[in-house]
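Going by TrEMBL, these are the annotated features:
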| type | residues | note |
| --- | --- | --- |
| REGION | B:1-22 | region 'Disordered' |
| COMPBIAS | B:1-16 | compositional bias 'Gly residues' |
| TRANSMEM | B:134-156 | transmembrane segment |
| TRANSMEM | B:162-184 | transmembrane segment |
| TRANSMEM | B:196-214 | transmembrane segment |
| TRANSMEM | B:243-264 | transmembrane segment |
| TRANSMEM | B:271-292 | transmembrane segment |
| TRANSMEM | B:324-345 | transmembrane segment |
| TRANSMEM | B:365-383 | transmembrane segment |
| TRANSMEM | B:403-421 | transmembrane segment |
| TRANSMEM | B:428-451 | transmembrane segment |
| TRANSMEM | B:463-489 | transmembrane segment |
| DOMAIN | B:513-636 | domain 'STAS' |
Number of protein chains: 2
Amino acid sequence: MGGSAAAGKSVDGGGRAAPRVPVPEARPFLDTFRANLKETFFPDDPFRAVVRERGFARRAAAALRYFFPFLEWAPAYRLGTFKSDLIAGITIASLAIPQGISYAKLANLPPILGLYSSFVPPLVYAMMGSSKDLAVGTVAVASLLIASMLGAEVSATENPALYLHLAFTATFFAGVIQASLGILRLGFIVDFLSHAAIVGFMGGAATVVCLQQLKGMLGLEHFTTSTDLVSVMRSVFSQTHQWRWESVVLGCGFLFFLLVTRFFSKRQPRFFWVSAAAPLTSVILGSLLVYFTHAENHGVQIIGNLKKGLNPISVTNLQFTPPYMMLALKTGLITGVIALAEGIAVGRSFAMFKNYHIDGNKEMIAIGTMNILGSFTSCYLTTGPFSRSAVNYNAGCKTAMSNVIMSLAVMVTLLFLTPLFHYTPLVVLSAIIMSAMLGLIDFPAAVHLWHVDKVDFCVCAGAYLGVVFGSVEMGLVVAVAISVLRVLLFVARPRTTVLGNVPDTNIYRRMDQYTTARTVPGVLVLRVDSPIYFANSGYLRERFTRWIDEDDERTSAKGETGVQYVVLDMGAVGSIDTSGTSMLDELKKTLDRRGIQIVLANPGSEIMKKLESSKVLELIGHEWIFPTVGEAVAECDFVLHSHKPGMVADGASHENMV
Amino acid sequence: MGGSAAAGKSVDGGGRAAPRVPVPEARPFLDTFRANLKETFFPDDPFRAVVRERGFARRAAAALRYFFPFLEWAPAYRLGTFKSDLIAGITIASLAIPQGISYAKLANLPPILGLYSSFVPPLVYAMMGSSKDLAVGTVAVASLLIASMLGAEVSATENPALYLHLAFTATFFAGVIQASLGILRLGFIVDFLSHAAIVGFMGGAATVVCLQQLKGMLGLEHFTTSTDLVSVMRSVFSQTHQWRWESVVLGCGFLFFLLVTRFFSKRQPRFFWVSAAAPLTSVILGSLLVYFTHAENHGVQIIGNLKKGLNPISVTNLQFTPPYMMLALKTGLITGVIALAEGIAVGRSFAMFKNYHIDGNKEMIAIGTMNILGSFTSCYLTTGPFSRSAVNYNAGCKTAMSNVIMSLAVMVTLLFLTPLFHYTPLVVLSAIIMSAMLGLIDFPAAVHLWHVDKVDFCVCAGAYLGVVFGSVEMGLVVAVAISVLRVLLFVARPRTTVLGNVPDTNIYRRMDQYTTARTVPGVLVLRVDSPIYFANSGYLRERFTRWIDEDDERTSAKGETGVQYVVLDMGAVGSIDTSGTSMLDELKKTLDRRGIQIVLANPGSEIMKKLESSKVLELIGHEWIFPTVGEAVAECDFVLHSHKPGMVADGASHENMV
């Protein structure tokens, strides 16, 4: 068993090479504090490139390159790259124009805003963003959220100017919040929206958005402002006599067309452009159809006039006065965080495919700035939507230049082509939204969650049901609450296991996992799998006692000797607080009364530091702390078999034992 | 290095005894669910004693004994035990009577309620409680909380009847909540009030209670209803002309007397009764003084008439109608949980001293029932105060019979002795409260927290400052928020460390802790100290990459070979969710592209299960998973030195390396 066991004193000078567990030197508080702060907020050491440079000018240039990544790739930009970006840019523009108009309608905003929002923000992102694949644009979920949150207090039909101004203000706040999160290095807050939560949330939002499209598809004039399933169904079925068959036929036809092209492109990735061009094709076909059949007089609603010209300045429209500012702030906060989560996740996914690195906090600053500047130029909330970025990636984009191309294409549209959209039927826009949304309902992902992790499935289902039956915010709250509860429960009820010796080794492993592992008579080896904190110290104290009682019962039934040593494997205890040290203190005293010696194995440096400063180390005795479980058990075994009586505690203690 | 390293295939049939890491058999979902539920809510297996019995009658008797522990000790009750309990009971009664009156005044309730509350609840607790040392009574913090929470909406002077009824209703709700927490096995919620939080919270509450006593000490008629330091100081110094020197002199005199006796008893534990009897002595002396000097006409306020007779029934006074019910519910919830935390903590501490076991959930049911029945009989919120229980313990109580004795002594007082309290000066009550409160400010504990754990100190300071400058509720919220944030931050930013080989062993330990540990060329061993969850999977992915980059930089500067194997020590990873498995999936793919092989060491059974169901096990390959770091590194080393080229990934990968 790993060499002969030495007596319970110092073995430093002996023949064994294994060191005893060292207590780290005390470091000044401020040093530790600074190191922790750095690891919490600057884990990726973002300014390495800047600090490395010498001289002010070189550092300033490096800092500029840090905040404006295009300075890095633009000088080396080649014609070959441009060709790829041109194709990708035009492809995403053909998707951006109809989608932009559709999502603006979803947000109850004038359709032209969808085009404005595809003009300025992509230019800003192209300069500041570090992703090569992200295609900037508005997204359905955020659009719906804006409609439902602002719409709850201000009617878009009765007071369109105020509603519009509040949408700009919310976008401004969303941008400020996004940029601040990046500047304050709080990007990890977005991590608390777990993958499972996002799957459920996106699925729920897609369901809700599809339900909203029933208005357009059925050609209804009046519709509920609520988003939950029950309200929508009641609204739809209370006015069955208002359904327009022309609208239904047109809508279903286009939806079928869009779904078929998407299915085809998925099967044949080479023909990605088929599904990418399908929305624009639908818009053109739909508009021509309406123009020639005058369907607008037969219950098919159309977009109507779109203003020509570029984005008007809207900075003077921002509302910073009390009655509505809080509403805009709240809307900005929620939509901003959700949009950010999508943008960051999309950027990261594609960066992983192409094996380059994305700095989350820098991305937040880029997305935030693009929304702040957007809110000054009549744009509403934009981010990096998954569908558009995927098309961009498939179309072979090489740099953020594809965003510039898209932006220029939209500019041309704004300057010259808006009258062409006059006859575009709304039902086509609904079909475009629905076909995009159906792709967001990721049923296989939910099945995967169920197979791998039931709690994650609960998070996902909670988010989905919360969104569909409650509201988008409720879905978010449910998902985050379950996720956080899981973390807390992990700490509050940590797993404790008995370790056994793997035969012919000095390795100790969990007995429920390694069936060959055997216990050592008289020694109980326990392992804790979480930090020892206030939330579990009471539980752990009772659980340890129960393990000992159970072992005593078992051995006394067999007539064997009971537990005389409890070895705690601290290898997986990452941290300990004062409740934890008090618990060990109490445990030591309780076990002393029962004549049981407590032994610690493999505590980490932080644990050793805490044990020393709380005097628990002194109480247990440094000689009872070992770097490995093997050595700890060898020592116990040695003492147990050499001078058995009177070795433990004070000799009288054996009387208390079962 | 622990025997010769075998090739990266199966070694089960070979000469080595070490088993590969087994994947646990899939258990039916419901089984796992039930086991988890049991461990979460019934970790202490409370019904063991009941289930063991055979036959309905015996089981019913055991269940009865479970819920009414006095059935267990009463039959064996002896005269010798009774003598001890009698002395202890009379001692705590002499403390309970003046304290009861004082705290009722603090709660702005009629003083007689303090006596009522020391009559019924102790009898209930004696039957149902499992602690032998807990002395039941009202507590200062809860009294103050009732005054400030109810007082915010209903004035105790303008509408005394409503205020009184709301106090009963709040007590009723507190009891219901306490008992429900016990019945629903949610006792662990109380654990979230960490020791550090309670130290800060109690200190803050004691400070606030002392500040409130300035009213009585200075003989002021009008006083602020707020409890924060700023309001109280403003109130005190805005009416300096109202200060009564008679009151100040009397108050300071008695406070000095009480503090001196306490100091003496602390030094000489045999004379515990000196400090225990001091409050009653003060009341008697004070009353006599007022009676003979007619000080009540010179600015010394007195209690006045106290009704004779036992508790009137108050069950019909409970308010369950809308306008005020929510207020009572809120007050009951907060005061109930705080009182519960104190009662449970006190019970546990003394049980530890005497080495018997307390069932937290059962205690909650007992305390809850005592408050429900109390609210029916004109009592307000009671629990097990620390000071009174300590006196009980020091006086040598043996069973809960001491509570019965105290209750009988209070009954005699109620029936015959209340007129004696007519001339008791209020300033004496203030002195009694202040002297009790000063003992709750535990400055050395705060210093200890600072030395051992800075975060715990922040929790403590946050709770203290929150209570003193904000309100009692704010202090609670601050303390719980910091505590929970710490747990979340532990998971969000787990410590990752590089492990090195301890010379002449096959043990791997943290290189920052064990200075003799050495790295193995070409192999980077990393260790994570927390579960891999959504909250840290993004961080960990980046952190792992940074470790690898740093190691590559270091080795390439020295001209050594870069990292070719990354061994992740999963020993301390207690759990993993789907975000974690996706992270490993991505990491594997990223490292493959760089030509680096990922190896896992010592994953637990839950981790193996998740890795298998998420197919990550298949991706990494079961042959790259080892039970110990030593074996993993030995394997890497063996492959590295035998057939070096083309072994890793697909051979082409070396090109990508630095």
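Heads up, the Cβ atoms here are built off N, Cα and C, so glycines get one too.
These figures come from a predicted structure and were not determined experimentally.
Model confidence over the domain 'STAS' (B:513-636) is summarised by a mean pLDDT of 88. By the count of Cβ pairs under 8 Å, the stretch nearest in packing to the transmembrane segment (B:403-421) among B:134-156, B:196-214, B:243-264, B:428-451 is B:134-156. When Cβ distances are compared across the two stretches, the transmembrane segment (B:324-345) makes no contact with the transmembrane segment (B:428-451), since fewer than 3 pairs at least 6 residues apart fall below 8 angstroms. With DSSP classes pooled into helix, strand and coil, the tally for the domain 'STAS' (B:513-636) is 66 helix, 22 strand, 36 coil. Where the transmembrane segment (B:463-489) meets the stretches B:196-214, B:243-264, B:271-292, B:365-383, B:428-451, the count of C-beta pairs under 8 angstroms peaks at B:196-214. Among residues of the same chain six or more beyond the transmembrane segment (B:134-156), those with a C-beta under 8 A of the stretch's C-beta atoms are 92, 96, 99-100, 103-104, 106-109, 114, 117-118, 121-122, 125, 162-163, 166-167, 170, 202, 205-206, 208-209, 212, 225-227, 324, 327-328, 330-331, 334-335, 338-339, 342-343, 346-347, 350, 370, 380-385, 388-389, 391-392, 397, 400, 402-403, 406, 433, 436-437, 471-473. A contact between the transmembrane segment (B:196-214) and the transmembrane segment (B:365-383) is absent, since fewer than 3 of their C-beta pairs, 6 or more residues apart, lie under 8 Å. Within its own chain, the transmembrane segment (B:271-292) is flanked in space by residues 91-92, 94-95, 97-99, 250, 254, 257-258, 261-262, 264-265, 300, 302, 391, 394-395, 420-425, 427-428, 431-432, which lie at least six positions past its ends and keep a Cβ under 8 Å from the stretch. Only residues 6 or more beyond the boundaries of the transmembrane segment (B:428-451), in the same chain, are considered here, and those with a CB under 8 A from a CB of the stretch are 98-99, 101-103, 105-106, 140, 196, 199-200, 202-203, 205-207, 209-210, 213, 215-217, 250-251, 254-255, 258-259, 262, 279, 282-283, 286, 303, 386-387, 457, 460-461, 464.
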